[in-house]
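Got a structure for you, written out below as structure tokens; questions coming shortly.
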2 protein chains.
Amino acid sequence: MAPTPHPFDPLTPEEIRKAASVVRPQFPGHEPNFRVITLKEPLKKHMIPFLDSQHAGAASAASPRPPREARVQVVIGGTDDDGGANQLFELIVDLTGDGSVVKKDYLKGRHSYIDSAYMQAVEAACMADPRIKAEIETLDLPPGATVIVEPWAYATDGMIDVSQRTSMCWFYLRLLDNPDANYYAYPLDLCAEVSESLQVTKIYRLPSAEHERIHNNRRPFDRRRTQDVSASEYHPDLRPPPRQTTKPYQVVQPEGPSFTTDGNALSWEKWTLHVGFNYREGLTLHDVRYDGRSLFYRLSLAEMFVPYGDPRAPYPRKGAFDLGNDGAGINANNLQLGCDCLGTIKYFDGWHNTSRGEPMRLPNVVCCHEQDDGILWKHTNFRTGNAVVTRSRILVLQTIITVSNYEYIFAFHLGQDASIHYEVRATGILSTVPINIDDKAPPYGTIVAPGVLAPYHQHLFCLRIDPAIDGHANSLQVEESEALPVDDPEVHNPFAMGYVTKSRFIDQETGLDLDFNKSRVFKMVNEGVKNPVTGTPVGFKLLPAYSQLLLAHPSSWHAKRSEFGQHALWVTRYDDEETFPSGRHTMQSLGGEGIASGMAARRQCGAAPSVRNEDLVVWHTFGSTHNPRIEDWPVMPAEKMLVGLKPVNFFTGNPGLDVAVSTQESNKSVLVDDSSGKGDGICCQAKI
Amino acid sequence: MAPTPHPFDPLTPEEIRKAASVVRPQFPGHEPNFRVITLKEPLKKHMIPFLDSQHAGAASAASPRPPREARVQVVIGGTDDDGGANQLFELIVDLTGDGSVVKKDYLKGRHSYIDSAYMQAVEAACMADPRIKAEIETLDLPPGATVIVEPWAYATDGMIDVSQRTSMCWFYLRLLDNPDANYYAYPLDLCAEVSESLQVTKIYRLPSAEHERIHNNRRPFDRRRTQDVSASEYHPDLRPPPRQTTKPYQVVQPEGPSFTTDGNALSWEKWTLHVGFNYREGLTLHDVRYDGRSLFYRLSLAEMFVPYGDPRAPYPRKGAFDLGNDGAGINANNLQLGCDCLGTIKYFDGWHNTSRGEPMRLPNVVCCHEQDDGILWKHTNFRTGNAVVTRSRILVLQTIITVSNYEYIFAFHLGQDASIHYEVRATGILSTVPINIDDKAPPYGTIVAPGVLAPYHQHLFCLRIDPAIDGHANSLQVEESEALPVDDPEVHNPFAMGYVTKSRFIDQETGLDLDFNKSRVFKMVNEGVKNPVTGTPVGFKLLPAYSQLLLAHPSSWHAKRSEFGQHALWVTRYDDEETFPSGRHTMQSLGGEGIASGMAARRQCGAAPSVRNEDLVVWHTFGSTHNPRIEDWPVMPAEKMLVGLKPVNFFTGNPGLDVAVSTQESNKSVLVDDSSGKGDGICCQAKI
């Protein structure tokens, strides 16, 4: 008999099958298209006593284990009678025993995330359409080249009824006869819209100059675009041989790694946590504790939004919710050994489902390994010359997603200083649109190759931080460093250089912003637990990533649909159902369902919920205004964004003080051969 | 015969001796105290043709090699006749032939950097003074404890004549009988001032409560402070045994490193540069080129300032210019193998001089090694499933300084994406002052142990960036990303989401600030060299560290003396003598000699110098407002600050595109033993 899943464990294959078997009878006469069969995480009010008892040990094992539940989304295909509209249903299935449906909602007019099988059908519909074929003929394409269609979800722009899906079909040319040739290097000016029922409803030509608009002038493909082909290829088979100068670099852990796992439970250097994974957020961390003390109930990327800044129709329809629309779990790469991760690696698999409700393994979607991060702490007593130095070992939990052209690398880093960092790297290929070779770039894009424009865009991420700092009643404290006044007789500052910190607590749900000029620091604290040394509430502070917020105007669809881009920080009262800052159903959404709207609605119903000594959630919006440079072409070197969480008066001293000193014996560093004969190999431990 | 030094090479031991031998006869009857014998870097107007000819190859070897010169600072001891004042002289010595003095300046009233031998004499003077001994008696210290005196340079506060040195003597207690016991854990309330001539001129007691001022109440040492001794010790001999959970982690480069050196010339992965080192700035990088193209003439930390924010006298006298006053070269640690650096290491030595003018080796002050930095770029073609991934190898050039209680780790990172990063880590021990055990912390400090207050302070760094982007005529361009207007009939923005970049050039020397809300980007460009693909000037952009600037009021001595903390960015016209943003002589300086004053003076003499298509220098001020937390005690886990420089339309594509793909064969990663039997070892190269 399989071991009992931990309440935070993703659904097992057996549970996925069971959920599907319970749901199918709900739709007699239909073959449901199972879009999602995922864990419905237990209510926090049930998890808390369970976790407390688990951590307290066997004696308190009596606390009930929350039941396993599945959240299932199915699409029931429309019939000709009812106009052909698909219907989206969401069901909650209790997996106890044989399983039973405990909730069933018809989500009228809403859409599930992108159905890749459907998108393939959209591609096929485009290529089969005789009008499209005729348009392609007029392009007079180079021989041997293949037309590629890449449908995107339609980002609401107010021009199309959203109750049915519309796909925007972008056309590219795979110039070289190799399936991995970079077709993004040859965007065609052809564009098509495809309806829910796979009809090509519109065909037109894209604007290819700053003052051009959608048109129907059938211009042929400009052959001058194919002069420097290899410059636009990234695949090694299509490029000159790589450099030979980089010598191998290997990481060896002769005694194995310092982490242990028991299923999805992970332990490493005083850290314990539960690794989660779901179709939408990808990697999630649960019940994060240090030395047994509770830090975070849950950490995850909750949404991301990539709006393009090119104002010419139809480009306002490019605004990708890569979690809500695509799924960071579904699109997670298989991190094959030796390529994506380095050293001594453990992989975690994920589980998803087929459209028929069968479990589908997503292998190696999370890699877990250690990494050396330089020096953790050092001090040399100058009086004795004795140096004490420790190295910083970090644990990396990483996942990578591919969403069409782009890749995003998401990694949590745990430190021996009890810090957590969240690093995002953007890489992959820029999204491209055509531009006439003889025209200059409009002011919202960069020409990256002849005839190829890479439009400006933003990458905005929302990290959802559910603190449980020594318990679930937390507060958000904002601290700033402020110069003391100079001419105030009440204030002692005779040398005009004193400064103090000023702090305030946030009482109600709100949006907040960053201000490095004031050294504004956000701390998640437990006012009920005072640090025995400093006397202040124990807490963790945020090290934010300073980023420009959403540029799209508040009246725009981009702004109305995303919402989380209005502020760098949000604080809300915990709610089991408030998990996605742009709402649960982002596909062709109309807005009004995100974090700001939720907050506003709660205010209207009475006072905004208190977040003072309450179960609160902090959401950090960060990202990058990406105005492409040529160095981002044809594939961009990773651009990093980094967020941190560090203890502030949580412990009674440096949590890494007991890390063993760095020694030659342990590190086995090697001196580069040096004819001067230096390097006597004495390591600092010899002096202790 | 020794090889001819490169013009950027630090002085050789022979040159140091020669310089001293040329200087001694300048002071007949005196034994000069040689404070500095260092390279006077050649004038840029002489270096440029030399470097150009070197890089062009042997055929152009005719360009004259700039002469080697030494900058020598000596202190000539005063005699009783002239009041005993030391005299500081600075001489420039031409090292050609037997050497000759080409300049000699008497720097009346100025001081050289801290003389550690003199500071030891200050300590001895304190401890020998009968009044100090009597004060110590009144402290009634625990038996077996040792009083430690730690003199600091007096940071000008307007109360003492600065023409002679004053040392501020802080007293601590080494409680345990071990020379590495952490005496900073027991600050005593005794304070003394010592004059130039080693007289103890003042003795008083430090304020030990918020509203207390300097006083003479002889309170005994509070024995309650010694209850939890090991919590304040960092040395492993004085602490419980370290954790045993961290498994070894080794870096192996079986074919050696990818870098080569020829003396101080360093080559790595298309990068070439010259490694410099001097007593004051420590590690300096010169003539930084990528693929033979000039990027930066010089990069260095040019100053740092650590002002404390405690307004109670005498604490306004704590404001450390750790470069100008102490010297990042002189105080650089010996980075012994295996402890500070990891992997395959090359060390560079530095050379300094003794007070007698003899060369003194500073061994292993810079370490050079590679490091894996995760993924450089990746793309998976979702249509084929073929992934192409390359790993990011970086080159690290690192140095570490100890300045009394604190350590700073300075590292340049070169990337295969042609980026340079500069990372500062602050570690070591907080500066402490006494506080009555029964009093609460004043609003400008944190209690880190009973009776121990760690006052608030700032760490401000100034990175001096001398660009030579494809040549020496550069400009500074400021770009911001701005939403297009919504209701302007002249502007096409029908969906209210368009945005553009707006750029302007900086015409004259000035100070500038950061604004992430506008995604303000500073680019150093060459307007005379256009990128062939984008049509825009080639350049490098700054990735700044967003930091609070100097909190001390502009009227304060801290502000007047430092200057560089007024703005996050400065741009000046290159001047061979403008190298230190708080002036050349920071010891007991009075201000008015820094970057802002220099700029103001030049404006007054006519129009401010142009920095448009000129040889310009960019200075970036960044740092950390450090309000200590208990986790920083007794030794702080490294706090990181990071600055970057990245190409922007400098190349014609991703400069790391030709890095070889990541393979299992090269990386030799290992799968953690897993009973599920997963891990078939297939690596992505197999799919190509």
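Glycine is no exception: its Cβ is also placed from the backbone N, Cα and C atoms.
According to TrEMBL, the record shows the following:
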ACT_SITE  B:ASP322  active site, proton acceptor
ACT_SITE  B:TYR406  active site, schiff-base intermediate with substrate
COMPBIAS  B:215-227  compositional bias 'Basic and acidic residues'
DOMAIN    B:6-95  domain 'Copper amine oxidase N2-terminal'
DOMAIN    B:250-656  domain 'Copper amine oxidase catalytic'
MOD_RES   B:TYR406  2',4',5'-topaquinone
REGION    B:215-256  region 'Disordered'
Quick check on the active-site residues: of B:ASP322, B:TYR406, whose CB has the lowest count of neighbouring CB atoms inside 10 Å?
B:TYR406
Please state whether DSSP places B:TYR406 (active site, schiff-base intermediate with substrate) in a helix, a strand or coil.
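It is in a strand.
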Round to a whole number and give the Cα-to-Cα distance in Å for the pair the residue listed as 'active site, proton acceptor' and the residue listed as 'active site, schiff-base intermediate with substrate'.
10
For the residue listed as 'active site, proton acceptor', which DSSP three-state class applies?
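It is helical.
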What is the number of residues in the domain 'Copper amine oxidase N2-terminal' (B:6-95) that are helix, strand and coil, as DSSP sees it?
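Taking the domain 'Copper amine oxidase N2-terminal' (B:6-95) as a whole: 30 helix, 23 strand, 37 coil.
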Summarise the compositional bias 'Basic and acidic residues' (B:215-227) as counts of helix, strand and coil residues per DSSP.
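The compositional bias 'Basic and acidic residues' (B:215-227) comes out at 4 helix, 1 strand, 8 coil.
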